[in-house]
Each structure stands twice: as C-alpha cells, then as structure tokens.
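Only one structure is covered here, and it is reproduced in the block below.
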C-alpha cells in the first residue's frame, strides 16, 4: 500500500513536471551575431548575447528600451565599421539592466581610423562610443574596451548606475593623435558609482558636469587629464553636489585633482571630497581649482557665478614634474568657501604665484 501510494505520488509529480512550461521561453535567451537582428528583436529577449559582432559603419548597436531586468553580454570581439558620423557606436537604456563582458571578450572601437589630433574640435567627425542614457537601477561591469574614437561613456539622465571593472585602453592614441577621449562623462544623473576602472586615455578619466551622489573609487587613471568636476556652467543643468573620489591613482596625466567652472556662467559646485588620492608624474597641475575656464583656455580672470563650496581634500599626495605646478587655486571674491584640506602633500613641481582668493582651510 505504501509502495503504491509512493508510486502514485511520483507519477503525479512526473505528470506535473511534464505538463509545466520549460521555464525558458524561446525568446528569453537570444544570441546575436549581426546588429540588425539584435536591434529588431531586443525587446523580446531577457538575456542578450552579442557574439563576435561587426556593427556596420554608421549604425548604432541600439539596445535602448530593453525588457526590465534584461542582461546584455558581450562575447568574443565586437568591432565597428568606419564612417565619419557622430555616433554613438553603442546605446543602452532601460530599468534593472545588466551589461557584462564574457571572459576573453574585447570591444574594439578602432579609434585609430578616426584619430587626427583634433578630437571633437574639428577634423574628421568622430563617433562617441557608448551612450548610457535613461538607465535606472542598472549596472555595467567587466567590459574590456580599446581605442575609442573620442569620448567613451556618456552617462546622462540616469538614476542608480554602477560601473565596475571597466578597462579602457586608448594608450595607442598617445602617439597616434587621439584627443578628447574622456572615459566617463556624467551629466544630470544621480546615484552613480564608478569602481575598479583601469583607464588609459588622453582626456578626463572622469568628468562630472552635473549630477549628485556620485562616487569614484579604487580607479587607475593614466595618460589623461585627471578626475574632474566640470567644467560646470553653460548647460541646462549646472549643479554638481555630493561627489566622493577615493582610493584612486592618477598617473602620467596633465592634471590630478581638478575642479573647473565656466567663466561668466551660473550654477553651483558643493560637497566635494577627494580622499586617499595618489598622484604620479603629473605634468601640469597636481591640484587645480579655477573659476575662469573656457575651452579655448582659461582667462586668468575668475568669475563668481558658479560658487565652489564644501571642498574636502584628505590625504591627497604625490608628485608633479619639474615644469608642473603643485597646486593652483583661482577663485572669485567670496565664491569659494567651506574648504577643509588635510594631509595634502604635492611635491616636485613649482609653487604658484598666481593663486587668488584661496579660502581658509586650504593652501596654495
């Protein structure tokens, strides 16, 4: 009787299993090797694999509007055809999205085909690399990227995004005319964390133009313009608040710590912390904070429309070259305040004789 009951139970369970759906809809897992098919079918897939894809010239690998909770995996080598255009080469948007790199993958943007020493200031029209726009509670991790034509990640209109273990290697551009190859440009976004990035480029490692609650931690930045707030001003959104940069090394770069606001503009920069920062072989400025910035070059005359308040520097140490300047602060009258610096030690370069309106709590 017991055996019969047990057999009946097992048969019933088997019938239930057989009758149940497989749990994986045919469209849940999608591997794409061409861009057109990926773009057409993306919205019906929960797990998207971009495998060994060559994206045609002038085409964005458009992964916007994905299913909530979708995962995108880059596998093998992803490449892009050559055309002069604005880009982007890749675009992703959605809620609870995960973008990851499979072991051994590479995303090769072939920037050398566009590099001409002019970046986005002229010459060839160069595509931006990756638009991370309109993302909510999402993550991008473990991507290996090389040779972006100009700026790499544009992060805009985002709420809650973690970028972890991103490698961008544009070092070939040091001698081949790469310019304006910012790694991470952030605007109008909140709750952003960039961690464990390894960046070799020719412009800002991180540039925060507007946004709040932004963390940059345990990153390696080499060859570029440092970790920057700004330039702030002259846009629709001109407020930066609540930024922490920590545990980061900036080497072989023009600048280390940089905060720059646009001459004559309005906005605000507040609650900024740089802590446990190591500088190595900085060519121009170890620490530079200026309220006179223009793309054509600083004016030397600070303006007060974008006050810089609550700047904490703690344990920022390292070296600049003999021709570089250790610290340079140029503030308008009364427009820099509430600064607190401790453990700041920059050596090897020149002392600036042009600092102006340095607030108490800081030194120049």
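Just so it is clear, glycine is given a Cβ too, placed from its N, Cα and C backbone atoms.
Bear in mind that the values here come from a model prediction, so they are computed numbers and not experimental data.
Per Swiss-Prot, the features are as follows:
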- 203: active site, proton donor (ACT_SITE)
- 225: active site (ACT_SITE)
- 30-45: disulfide bond (DISULFID)
- 205-221: disulfide bond (DISULFID)
- 331-336: disulfide bond (DISULFID)
- 355-364: disulfide bond (DISULFID)
- 276: N-linked glycosylation site (CARBOHYD)
- 340: N-linked glycosylation site (CARBOHYD)
- 158-188: repeat 'PbH1 1' (REPEAT)
- 189-210: repeat 'PbH1 2' (REPEAT)
- 211-231: repeat 'PbH1 3' (REPEAT)
- 240-261: repeat 'PbH1 4' (REPEAT)
- 269-291: repeat 'PbH1 5' (REPEAT)
- 303-348: repeat 'PbH1 6' (REPEAT)
- 1-21: signal peptide (SIGNAL)
Please compute the mean pLDDT of the model over the repeat 'PbH1 5' (269-291).
99
Spatial neighbours of the repeat 'PbH1 1' (158-188) far in sequence, C-beta under 8 Å, 6+ residues away
111-112, 115-121, 132-148, 150-152, 194-211, 214, 221-224, 235-237
List, by number or range, the same-chain residues at least 6 past the repeat 'PbH1 2' (189-210) whose CB is under 8 A from its CB atoms?
119, 148, 151-152, 155-171, 173-174, 178-183, 216-232, 235, 237-240, 243, 245, 250, 253, 267
How far is it from the residue listed as 'active site, proton donor' to residue 340 (N-linked glycosylation site), counting Cα to Cα, in Å?
28
So how many of the residues in the repeat 'PbH1 1' (158-188) end up helix, strand or coil by DSSP?
4 helix, 13 strand, 14 coil
Name the one residue among 45, 276, 336, 340 whose Cα is closest in three-dimensional space to that of residue 355 (disulfide bond); these are the recorded positions.
336
Let me know how many other Cβ atoms fall within 10 Å of the Cβ of residue 221 (disulfide bond).
25
With an 8 Å cut-off on Cβ-Cβ distance and a minimum sequence separation of at least 6, pull the same-chain contacts of residue 205 (disulfide bond), or say none.
182, 183, 184, 197, 199, 219, 221, 224, 225, 226, 227, 228, 250, 253
Give the three-state DSSP assignment (helix, strand or coil) for residue 276 (N-linked glycosylation site).
strand
Note: among disulfide-bonded residues 45, 331, least Cβ-dense neighbourhood at 10 Å is 45
Show which residues of the chain containing residue 340 (N-linked glycosylation site), separated from it by at least 6 in sequence, have their CB under 8 Å from its CB.
311, 312, 313, 361, 362
Nearest to residue 276 (N-linked glycosylation site) by Cα distance: which of the disulfide-bonded residues 45, 331, 364 is it?
364
